[in-house]
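What TrEMBL says about this one:
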DOMAIN    7-183  domain 'Era-type G'
REGION    15-22  region 'G1'
BINDING   15-22, 62-66, 124-127  GTP binding site
REGION    41-45  region 'G2'
REGION    62-65  region 'G3'
REGION    124-127  region 'G4'
DOMAIN    214-290  domain 'KH type-2'
Amino acid sequence: MNSESGKSGFVVVLGRPSTGKSTLINRVCGEKISIVSPVPQTTRNTIRGIYTEERGQIVFLDTPGLHQAEKKINLRMRDLVTESLEDCDALIYTVDTTRLPGEEEEAVAQLASSLDVPRIILLTKMDHPESNPARIVEFLTTHALADLPRFQTGGLQEEATEDGSRPREIEDLLAAIFPLLPEGQPWYPGDHYTDQPPQFRIAEIVREQAILRTRQEVPHAIYVEVADLEQRPKYLWARVFIFVERPTQQGILVGKGAATITEIRRESQKILGRIFPMPVRLALQVKVRPRWRRDDNLLNSLIQ
Ligand SMILES: Nc1nc2c(ncn2[C@@H]2O[C@H](COP(=O)(O)OP(=O)(O)OP(=O)(O)O)[C@@H](O)[C@H]2O)c(=O)[nH]1
């Protein structure tokens, strides 16, 4: 890219949990950037996906979902969202067209309408049989957001095409974003997709794979720590602890004859092998750490 005339800026993707924010960033950046799962509120950190091409560079901030819940962890996430909004160059407000806009959507819409940055509305999951965009447009009208540039996506959860090409809808969205960004040097080298360290990427992929195999309260009781990381001659080796709050949850994650944990390891290694330039081998262990969600020091280190 020609950095003299290129555009470069930060774009926050704002929206309720599970509206498809991570999926969107992954599809734009063509890499597995941040954790994607059907369980709401699994994106705990503000993760950057970086997209670079001739027109310039977009650094996406993937905000944690805004939650009304009282829990400490949710309140912190809300602070993080507001912080990341302060410095951004543009904002994409994603609205899930399959859900009724309730109280939570009200809160996000109010935040979006109070901001003084260029904004784009993105209606998501238009492919879904329960998609009802008219209802959302009506809702946006009541928040004076209906006149903003509006785009839509659908079918983004499907596997990317072999040749890596993106859907037309994403191209249209990119064409709308670039003009909103200031001229400037790229913030990151062109071949970087994310500035997250390898430990973080490994922990997020293992967490995603663990969450995909558990239900109900278990996904929220999981956190993952990379205890050791070594670059060996032909592969990257990591010792990884999966923490849960109760022995029963530990049993679920290990599975009968260690079947579940073996599957988590295999699948994580496969995904990580595509992300890193060399194979990744994991030594996984599930440990119990009662009440970790109430540990302030731990929360501070997990949510940065
Ligand atoms: N039908 C359909 N499903 C989608 C689409 N985009 C995302 N999804 C699904 O919606 C769910 C949530 O997607 P995420 O990308 O994790 O949502 P998020 O907004 O990042 O969620 P949080 O991290 O909880 O804030 C996943 O099961 C996705 O596969 C889409 O275009 N169509």
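Here the Cβ of each residue, glycine as well, is placed from N, Cα and C on the backbone.
Helix, strand and coil counts under DSSP for the region 'G4' (124-127) come to 0 helix, 1 strand, 3 coil. Distant neighbours of the region 'G4' (124-127): 15, 19-20, 24, 94-98, 133, 152-156; these residues of the same chain sit at least 6 beyond its ends, with a Cβ under 8 Å from one of its Cβ atoms. In the predicted model, residues of the region 'G2' (41-45) average a pLDDT of 48.
Candidate binding-site residues: Ser18, Lys21, Met126. Those with a Cβ under 6 Å from ligand 1, in sequence order, are Ser18, Lys21.
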